[in-house]
Structures are given as C-alpha cells and as structure tokens.
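Colleague: I'd like to ask some things about the structure below.
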C-alpha cells in the first residue's frame with residue numbers, strides 16, 4: 001500500500017514538474033500552499049487587501065480584473081494603485097472609456113495628476129489598440145481601463161438604434177486579450193480592467209450575476225477582485241464614508257478566496273490608518289482591552305479615532321508598525337505614508 005502511494009506521489013511530482021515547465025510556476029499548486037509565486041507588485045493602498053492577494057498587491061506583468069456593482073469603490077481602488085505606482089517612480093496611464101474621471105478626486109487620493117497620462121477613446125477597438133501600443137513600449141508600469149462595459153465596438157456605435165449586436169463586444173475582448181496577454185508579461189506592465197456586475201435575465205437557479213465582455217477576461221485574468229459595499233461609515237450620526245469587502249475570487253499567484261475589509265472615506269479614499277489599526281490588532285501587534293488599544297508598553301488611546309490621532313502625532317510609529325505587520329503577514333515594504341495630515345487618515 002505504501003509503495004503504491006509512493007509511486008503515485010512520484011508520478012504526481014513528475015506531472016507537476018512538466019506542467020510547470022509548459023505553463024509556468026503556479027499553474028497547479030496546493031490550495032493551502034504557503035509558497036507564493038515571486039512577482040513584482042504594486043500596493044493597493046489597503047494593507048488588508050495587500051495581504052489578501054498573497055503577493056503584496058496588484059501583480060506586474062499580469063492582467064487583473066476589478067469588478068463590482070456601481071459605486072462600490074472600484075475606481076477608487078484603481079486610483080490608489082496608480083498613486084502607489086507613481087510614488088515608486090512608475091509611469092501610469094488611465095484609459096477613461098467612460099469619460100468620467102474626476103482629476104480633483106484623483107488628486108485627493110494621492111495621484112500625481114500632472115504626470116498621469118489619460119486617454120478618452122471614442123470606441124472599444126481604439127482603447128485596446130492604445131493599451132497595446134503603450135504595453136509594447138515597455139515604458140509603462142500600470143494601465144487602468146475604466147471600464148469594460150464602456151468598450152463599445154465601432155460597428156455598434158455606427159449601427160442603427162435597436163440593431164442586434166449580439167456577441168460583438170465579447171469577440172472584441174477575446175481577440176484583444178489573446179494579443180495583450182503575452183505583451184503584458186514581456187513588458188512587466190500591470191494591466192487592470194474595471195468591470196461592472198450585471199444580472200442575467202430569466203435565471204431561476206444559480207448565480208444570476210455576470211460581468212460584461214464575455215468570458216475571455218475571466219479566463220485571461222491572473223487575479224480577479226470582487227468589490228462589495230457593506231454599509232455606511234458614520235461619525236456622530238453623520239455618514240462619512242462606506243465599508244468595503246474585497247474578495248479575491250481568482251488568483252494564479254497565491255491561494256484564492258481570501259477577503260479584506262476596509263473603509264473608504266468620502267473625498268479622501270481608503271482610510272489607511274484605520275486599515276493599519278485593524279490589521280495590527282488582528283495579527284496581535286496591537287493589544288486590545290475593552291476599547292483601549294496598546295502597542296507594547298504604549299497605550300495608544302480609547303477607540304480607533306484616538307489611536308488615529310496618536311499615530312498622526314507620532315508618525316515615526318506608522319512605518320515601524322507597518323513593517324511589523326508586513327513581516328508577520330509574510331510581505332515586505334511599506335504602504336503607509338508617514339503623514340500627520342489628511343493623507344495619513
């Protein structure tokens with residue numbers, strides 16, 4: 001019996017080795033494997049989400065889909081990724097197919113709008129050809145396409161109202177992604193598609209939710225992030241933002257199905273200090289007794305707001321705590337700005 005199991009194990013190892021040679025590392029791996037594919041990443045702006053991805057953020061040289069219902073925080077998350085890439089000296093491009101980007105809001109999130117390249121294409125083919133040219137240049141670190149639903153084929157725009165256009169967008173996406181996949185890998189560009197959730201008509205069993213653009217994007221994406229709005233964030237009875245849950249529904253680089261929750265504050269974006277406090281508490285770096293938080297021998301305050309104020313007054317602690325959190329989670333680098341102002345919130 002043991003000899004039979006040993007032979008099976010050897011046969012499996014040979015098969016996995018051959019698969020890895022043909023399709024790359026991470027094509028098949030144990031679900032609970034601690035080992036992760038080593039890849040360069042861009043932080044998401046949320047420490048909890050960086051940990052949930054298993055690799056520290058949005059992978060470069062790969063395709064990522066961020067999808068969710070309207071006003072769930074998809075574009076906010078993508079803009080935070082752009083801001084993090086720019087902080088590290090990277091070049092970022094925003095392909096605004098929806099023609100809806102607000103530069104003032106982007107600036108509040110930390111985006112260097114003066115050095116952000118933006119394109120507002122007239123139709124889907126133009127948007128994807130622009131993306132392909134930029135990727136092939138090898139000079140761009142991250143490209144965000146907002147959104148797949150707005151990538152309308154030229155034929156559809158030039159056709160008559162009410163004319164059947166079944167499957168044209170799906171074919172467009174399928175053709176484009178076959179070309180883009182290899183180019184993205186060679187250029188080490190992070191390509192992010194923002195997508196919406198729609199409901200299938202007449203579905204009585206199973207999940208009625210779907211995303212526009214056909215199945216190609218689901219197939220070619222190395223990482224898919226589902227963004228859900230949980231509820232309002234209130235302070236003194238006043239709504240100041242909303243709580244978001246992001247689920248990693250597909251991950252070729254680390255075990256999938258991890259989740260992260262964080263707050264998005266109106267006009268400010270992701271509350272990075274709130275995120276840091278929650279993650280540090282969950283990992284045992286902060287201790288909590290009742291509503292009091294402590295860090296080692298230091299008493300930080302009663303309630304999150306007092307802890308935030310304490311950290312803003314002692315910015316040197318932010319980076320120290322951030323590093324400890326990342327080490328405890330198996331990540332490296334820093335994602336929190338040392339700031340005593342609004343950006344540190």
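Glycine residues also receive a Cβ, built from the backbone N, Cα and C atoms like all the rest.
Positions annotated as ATP binding site by Swiss-Prot, on the basis of sequence analysis: 68, 69, 70, 71, 72, 73, 74, 75.
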Colleague: Other than 68, 69, 70, 71, 72, 73, 74, 75, which residues of the same chain sit close to ATP? List them in sequence order, counting a residue when its Cβ is within 8 Å of the Cβ centroid of the site.
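Modeller: Counting only non-site residues, the set is 196, 227, 229.
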Colleague: Rank the binding-site residues 71, 72, 75 by the number of other Cβ atoms within 10 Å of each Cβ, and give the residue at the low end.
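Modeller: Comparing Cβ neighbour counts within 10 Å for the binding-site residues 71, 72, 75 gives 71.
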Colleague: Where does residue 74 (ATP binding site) sit by DSSP, helix, strand or coil?
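Modeller: Once the DSSP labels are grouped into three classes, residue 74 (ATP binding site) ends up as helix.
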Colleague: By Cβ count within 10 Å, point out the most packed of the binding-site residues listed: 68, 69, 74.
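Modeller: When each Cβ's neighbours within 10 Å are tallied, 74 tops the list.
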Colleague: Would you mind ranking the binding-site residues 70, 73 by how many other Cβ atoms sit within 10 Å of each Cβ and giving me the lowest?
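Modeller: So among 70, 73, the binding-site residues given, the one with the fewest Cβ atoms within 10 Å is 70.
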